[in-house]
Amino acid sequence: MSSEDSNQDDFAMKTKSKNPVFTNRLLLFLSSLGAAVGIGNTWRFPRIVALSLSDSNGTGSGVFLILWLMFLFVWSIPLIISEYGLGKYTKLSTPSTFHFFLRKKGLFLGFFISACIVFINFYYAVLSGWCLYYFIHSIFYSLPKDMEESKAVFDEMEKGWPILMLVIVILAVTLSSYNSIRSIEKVNLILVPILIVILLICFIKSLTLKDSKQGMKTFYYPDPKLFYKPSVWFNAIVQNSFDTSAAQGIFLTYATYMRESHSPAQAGILTPITNNMISLLCGMLTFGTTFGLMYQDNSSKSIIDDMASSGDAGTALAFKLFPVLFESMGGFGRFLAILFFLALVFAILSSLISMIEVPLKFLSDLNYSRKKSLIFLGIINFILGLPSAISTKFLSVQDFVWGNGLLLSGLFLDVLIIKMNPHSFRSVILNFSVGKWFEIVIKYFIPFEGIAIFLWWFINSIIDNPHTWFNPIEPSVMSCILHWGVLCLIIFIACKKSRKWLKYRSDHLKIDQAKQMESLEITDYRQFQDENEDENLNENLNQNLNQNENLNQNLNENQNQNQNQNLNQNLNQNLNEKLIDNNN
């Protein structure tokens, strides 16, 4: 073994030894669940279900739920398993992982995935501030009795309070993330169980309402005509990505802290399934409570329309409608309101902690300290979160743009696995812990469904909204194009700046499994290497040949010199002998 290989092995061992790890499988599960469960389950999921019903004039959301559950198994779970496998294998951040396997071509894709979750983080923190305000308000003030009073409460909150709450939330997340995995474990060990208990209490209470059964019926009834609506398919796949945190880089980052005994396949299946059960619980809670208190005075269609068109960013549903609904329950309703908004605070905080870990890991790859990185990210979060704190319309556009961007993130992650070869990925990185179905879904299902649904939605959105699709300040196709375009420009610049750092890291981070891949004689092993490897190999060979030629020349010269010396010695000896003879 050369001294260079020895140095690289020493560097790798030191890097791995410094990497913190989850204490056990339970804390890994709770931390991953805390990352997935959040406002996407409690606030976004019921609103998207109602929106799909309203846009499609459906009488029940059962079809949406069928599609949503289908995408859990043919989209989210395979992608999450892939994330866990990649993170555990490389111990690197998302951009660094893409760069490690695909070099310059992969860095852009990795940055896009990380950027989506970072931009979601900006308005997520604002929503957490709203929940914190309503939690405090529910403790010290009485609940609003009607929508007009509720609107006044929300309007009062908008007068500067979101900015203050944003500061508090950022400080809380920063402190909770300071000690890396140890902080994340402790926080989620408390937050996640409390959140689930609170949601269960609220759900049980909603079942006691008179007309909650009508809400359950509307929630589960499968209206066949929804199968032909592209918006329903698109919302179902995007919402499942949002719910489960698939292809967001969160699980890839958490997987860098996995122990060798932890299974990527086990975590990648258990976490999203549990998360979707919580989403269903939140959906039943919302529909049961809303119908239980409003159905006697309204039709199902009017209730669904109210839920779908509930103000910018769904403010009327979670922050205007629910306080009124809880107030109608009497004294217990106020207690329930306090628990409900506390649950939302917990849900968002646990998700924010995981979101901030994604850029933190990348900055760690660039050798920045965790303390400096947290301070930097805290400042950036505040600055870029301000527009959403000031304007709910801006927040709704951000949710639309970056929520839809998760579909592209899923496709980009799938590109990486396909480039690596799904069979090689399953055999080496996942160690055959999943079946052959994984290769089929990764290679065929995900590319087809992702591209087809995206194009179907994109074209249909322009056709159905000929006068509004190009409006950049509304949730529209044009707002997505502009935001994604600006992001691509930023990523292009970032790739130029960070490439040399990542090259340094990947050159010095020796992965032991690479040797294992060679020993298994995987034909696609060369796909894991640098695209310039052949050139480097040729250069090394040429250098070795030149060195050999020089060495041969030196040897020849030495031999000639030795021969000359021997000849001179023989001549001198002969001369001496002749001189002696002459003297005699």
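For all residues, glycine too, the Cβ spot is worked out from N, Cα and C.
TrEMBL: automatically predicted annotations, no manual curation.
Keep in mind that this is a model prediction, so the values were computed, not measured.
Confidence annotation: the coiled coil (531-577) carries a mean pLDDT of 54 in the model. Among the features that TrEMBL reports, coiled coil is placed at 531-577.
Counting residues 6+ beyond its ends, the transmembrane segment (21-43) has Cβ neighbours under 8 Å at 124, 127-128, 181, 184-185, 187-189, 191-193, 195, 199, 239, 242-245, 250-251, 254, 257-259, 262, 267, 270-272, 274-275, 278-279, 282, 314, 317-318, 343-344, 347-348, 350-351, 353-355 in the same chain. For 21-43 (among others), the entry in TrEMBL reads transmembrane segment.
Residues of the same chain lying 6 or more positions beyond the ends of the transmembrane segment (63-86) and with a Cβ under 8 Å from any Cβ of it are 49, 52-53, 97, 219-220, 222-224, 226-227, 232-233, 235-237, 239-241, 243-247, 249-252, 254-255, 258, 264-265, 267-269, 271-273, 276, 280, 410, 413-414, 416-417, 425, 429-430, 434, 438, 441-442, 445-446, 449-450. Among the features that TrEMBL reports, transmembrane segment is placed at 63-86 (among others).
The transmembrane segment annotation in TrEMBL covers 107-140 (among others). For the transmembrane segment (107-140), the residues of the chain that approach it from at least six positions outside its boundaries are 38-39, 43, 93-99, 153, 157, 161-162, 164-166, 168-170, 173, 247-250, 313, 319, 323, 334, 337-338, 341-342, 344-345, 348-349, 351-352, 355-356, 358-359, 362, 381, 384-385, 388-389, 395, 398-399, 401-403, 405-406, 408-409, 412-413, 415-416, 487-488, 490-492, 494-495, 498-499, 502, judged by C-beta separation under 8 angstroms.
The transmembrane segment annotation in TrEMBL covers 160-178 (among others).
Annotation source TrEMBL lists transmembrane segment at 190-209 (among others).
Annotation source TrEMBL lists transmembrane segment at 277-295 (among others). Packing against the transmembrane segment (277-295) from elsewhere in the chain are residues 37, 40-42, 45-46, 49, 65, 196, 199-200, 202-203, 206-207, 209-212, 214-216, 218-219, 243, 303, 306-307, 317, 321-322, 325, 328: each is 6 or more residues past its ends and has a CB under 8 Å from a CB in it.
For 332-353 (among others), the entry in TrEMBL reads transmembrane segment.
Under the heading transmembrane segment, TrEMBL lists 374-395 (among others). Residues 119, 121-123, 125-127, 129, 158, 162-163, 166-167, 170-171, 174, 177-178, 311-313, 315, 356, 359-360, 363, 368, 473 of the same chain lie 6 or more positions beyond the ends of the transmembrane segment (374-395) yet place their CB under 8 Å from a CB of it.
Annotated transmembrane segment per TrEMBL: 401-420 (among others), in sequence order.
TrEMBL lists 441-463 (among others) with the feature transmembrane segment. Taking Cβ pairs closer than 8 Å, the transmembrane segment (441-463) reaches residues 71, 74-75, 78-79, 82, 230-231, 233-234, 237, 407-408, 410-411, 414, 417-418, 422, 425, 469, 476-477 in its own chain, all 6 or more past its ends.
Sequence-remote contacts of a segment are chain residues at least 6 beyond its ends whose Cβ falls under 8 Å from one of its Cβ atoms, and for the transmembrane segment (475-495) they are 104, 107-108, 111-112, 115, 119, 396-397, 399-402, 404-405, 408, 458, 461-462, 465, 468-469. Summarising the annotation, TrEMBL assigns transmembrane segment to 475-495 (among others).
Same-chain residues lying 6 or more positions outside the transmembrane segment (401-420) and placing a CB less than 8 Å from one of its CB atoms are 44, 75, 79, 82-83, 86, 98, 101-102, 106, 109-110, 112-113, 116, 119-120, 234, 237-239, 241-242, 246-248, 442-443, 446-447, 450-451, 453-454, 475, 479-480, 483-484, 524, 527-528.
Sequence-distant contacts of the transmembrane segment (160-178) (same chain, at least 6 residues past either end, Cβ-Cβ under 8 Å): 125-126, 128-130, 132-133, 184, 187, 348-349, 352-353, 356-357, 360, 370-371, 374-375, 377-378, 381-382, 385-386, 389-390.
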